[in-house]
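Chemist: There's a structure below that I have some questions on.
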Amino acid sequence: MHDQEAANGGETATNPISSLDVPTPPATTIPTLSSPAPLLRPAIPGARSAGARTPRLGLAIPPSPNVKPVGGAPGRPPLPTLHLATPMGSSVTPHEQPPGRPSIVTQQGQSASGGSESSAAHSRSGSFGPLDGRTSNPTSAGSQYSALSFASHFGIGSTRPQGTPDPASAVGSIYSERSDGGAGMDKDGNLKGLENFDKLTIDKARTADVEDLDVEGWKIASMEKRIVELGGLGEGAGGAVTRCKLTGGKTVFALKVITANPDPDVKKQIMRELDFNIQCASEHICRYYGAFEDPSTATISIAMEFCEGGSLDSIYKEVKRLGGRTGEKVLGKIAEGVLRGLTYLNSKKIIHRDIKPSNILLCRNGDVKLCDFGVSGDFGTKGEANTFIGTSYYMAPERITGQSYTITSDVWSTGVTLLEVAQHRFPFPADGTEMAPRAGLIDLLTYIVRQPIPKLKDEPSAQISWSENFKYFIECCLEKDPQRRASPWRMLEHPWMVDMKSKRVNMTRYLAQVWGWDDKGEAKPAE
């Protein structure tokens, strides 16, 4: 009974799905994948639907300032004087700016290197705004990395142009020439002017915590052994993750330690992960606290939010071990969080490119967050990318075949992830059989591209049944044609998603039952 409750987010039922009040639509009302768009609604009777009409574009084009008067009309008045607010905060126009560099004033608790929310909304290639999968900025640094990654994958040598800085220097202002008393490091790696951790504590009038530290602050905490490890959280791609806390601090955080690789492509990948984490500030994205480099051990450490509920991968495997099954309403809340996270990333012109169960984290209260942007990529002028990186098993067909792809490739990965959690097994091959032991990655990728997509099926022997809308949602995610596959924000309008958003699910109780937490938040002793 305990296992059945855990599988249904706190609902007691013999069938984890039967308690849902989700009416199954008639078979004739379920759309088919042969329709032009994989989703949604039929045309409204009587409405004007003669096809898409080209919108009229009204442009306000200012006339030339050199145009001559017509018919004796008076000449054009002189143009107004343009007064610019300079980036340094002065209201003086550029030609009136007094000589010398104005002083930079930083507020307490804010990094001089730009750790504010306003700076987090910008990338290396320009400012961002909500986009529909399209961009107008020049090719980004992520696209440059794509070429390097693709070349190295096929053994094509590439060298960095002379004078190009090493991406590892972007960890922070390590080499500094500041003369304002700030912290810096000389060319030999010796610290100059770094305040100690106790001085930071005095300045804050309290013990410094993770929100108070900038790049130099994290380096001080590391050098003075102020980072206390509380336990391991597992191994990620390229590094170990531990649960930590600062000495005297209250916030528990996850610290991902990555061993630096001399390969410049790997360094660029690590620095891209840091860059993306700095940009992102969303309730559906794992929060980033900071990073620092340890030259003595050749490692880069990344401090991020600790999500106590664990990864979706560990959760569904624990439910499977308990003999239960994750309910449809719980999967609905997880799908909603993932799609909202992807929609936010798209507004920042970011493709995650590594959606899988282990990169979807749950907080103690059930909030769903995306993490690990180690292979995320920002896309260029057409909103597309063409690199072959990421977790291959969850890749969309267009990525496997080396074609360009968009944010909809993450929708495919979301469908594979949900199908795996619902069925308690990786969904390929579709018939549920295991591939031959000697079958490798190429065989599996070939199968994904050429064979029919897997479908979510009922399991009468286990008394498991799924709604028709959920089955169709999975089909929409696993649409092989990337032109017909819906975007994350469109999938949020899917009938199943609309229905699931109206359901109330006690995700806190669900996680407590999965992990055996008691009312005090502690793990129950094993029986």
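Just so you know, glycine gets a Cβ as well, placed from its N, Cα and C.
Annotations for this protein, taken from Swiss-Prot, read as follows:
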{"type": "REGION", "residues": "1-143", "note": "region 'Disordered'"}
{"type": "COMPBIAS", "residues": "107-129", "note": "compositional bias 'Low complexity'"}
{"type": "COMPBIAS", "residues": "134-143", "note": "compositional bias 'Polar residues'"}
{"type": "REGION", "residues": "156-189", "note": "region 'Disordered'"}
{"type": "COMPBIAS", "residues": "177-189", "note": "compositional bias 'Basic and acidic residues'"}
{"type": "DOMAIN", "residues": "227-497", "note": "domain 'Protein kinase'"}
{"type": "BINDING", "residues": "Leu233, Gly234, Glu235, Gly236, Ala237, Gly238, Gly239, Ala240, Val241, Lys256", "note": "ATP binding site"}
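Any idea what these are sitting next to in the structure?
Modeler: In this structure, Leu233 (ATP binding site) is part of a beta strand by DSSP. Sequence-distant contacts of Leu233 (ATP binding site), defined by Cβ-Cβ distance under 8 angstroms and a gap of at least six in the same chain, are Val241, Thr242, Arg243, Ala254.
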Chemist: Just name the winner among Glu235, Gly239, Val241 (the binding-site residues) by count of other CB atoms within 10 A of its CB.
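Modeler: Result of the Cβ crowding comparison: Val241.
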Chemist: Where does the mean pLDDT land for the domain 'Protein kinase' (227-497)?
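Modeler: Value for the domain 'Protein kinase' (227-497), mean pLDDT as a whole number: 86.
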